[in-house]
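Features as listed in Swiss-Prot:
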- Tyr35, Val36, Arg37, His101, Arg102, Lys117, Lys124, Lys125, Glu126: substrate binding site (BINDING)
Amino acid sequence: MAIRVQQAAFDPGQELNALHAQNVGIGAVVGFVGYVRDFNDGREVGGMFLEHYPGMTEKALGKIAAEAGQRWPLLRLEILHRIGRLEPGEPIVFVGCASAHRQAAFDACNFVMDYLKTRAPFWKKEDTAEGPRWVEGRCSDQAAAQRWEE
């Protein structure tokens, strides 16, 4: 399990390939990459600034990863989240799950993203034509996370 919160850009393909390296027991790797969009809620977005709570954010991500590891037979799990200034088209987040079988990898990846969106302390501020604005959580994110508690 690896958790990284960083300002530096990353290569999603390289991250995905690294999950499989030196582990022949892996039969499936599922990855998710989230990108900065150039629009949100009908507004053009010129960029984004991501803030986090150092120490607390990593701890929250570690807890999410640990719970995923308890629920599914994962061989590897990686969570990488960027902070700082990001431009449209840049990757924000990578979640990679590796398992012997695909269903565990798919389910774990969905779970991690659903919980990351609702339980990890990140704050997004978008630059729009009307000026900067903080992005609020979506009800759909809460509903997605809720399904794992049933």
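Glycine is no exception: its Cβ is also placed from the backbone N, Cα and C atoms.
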Cβ neighbour count within 10 Å of Glu126 (substrate binding site):
21
State the three-class DSSP label for Arg102 (substrate binding site), counting H, G and I as helix, E and B as strand, and everything else as coil.
helix
Using a 10 Å radius around its CB, how many other CB atoms surround Tyr35 (substrate binding site)?
13
Starting from each candidate's C-beta and looking 10 angstroms out, tell me which of the binding-site residues Arg37, Arg102, Lys124 has the most other C-beta atoms.
Lys124
Taking DSSP three-state, what's Arg37 (substrate binding site) in: helix, strand or coil?
coil
For Lys124 (substrate binding site), which DSSP three-state class applies?
strand
With substrate as the bound species and Tyr35, Val36, Arg37, His101, Arg102, Lys117, Lys124, Lys125, Glu126 as its recorded binding residues, calculate the greatest Cα-Cα distance and give it in Å as a whole number.
38
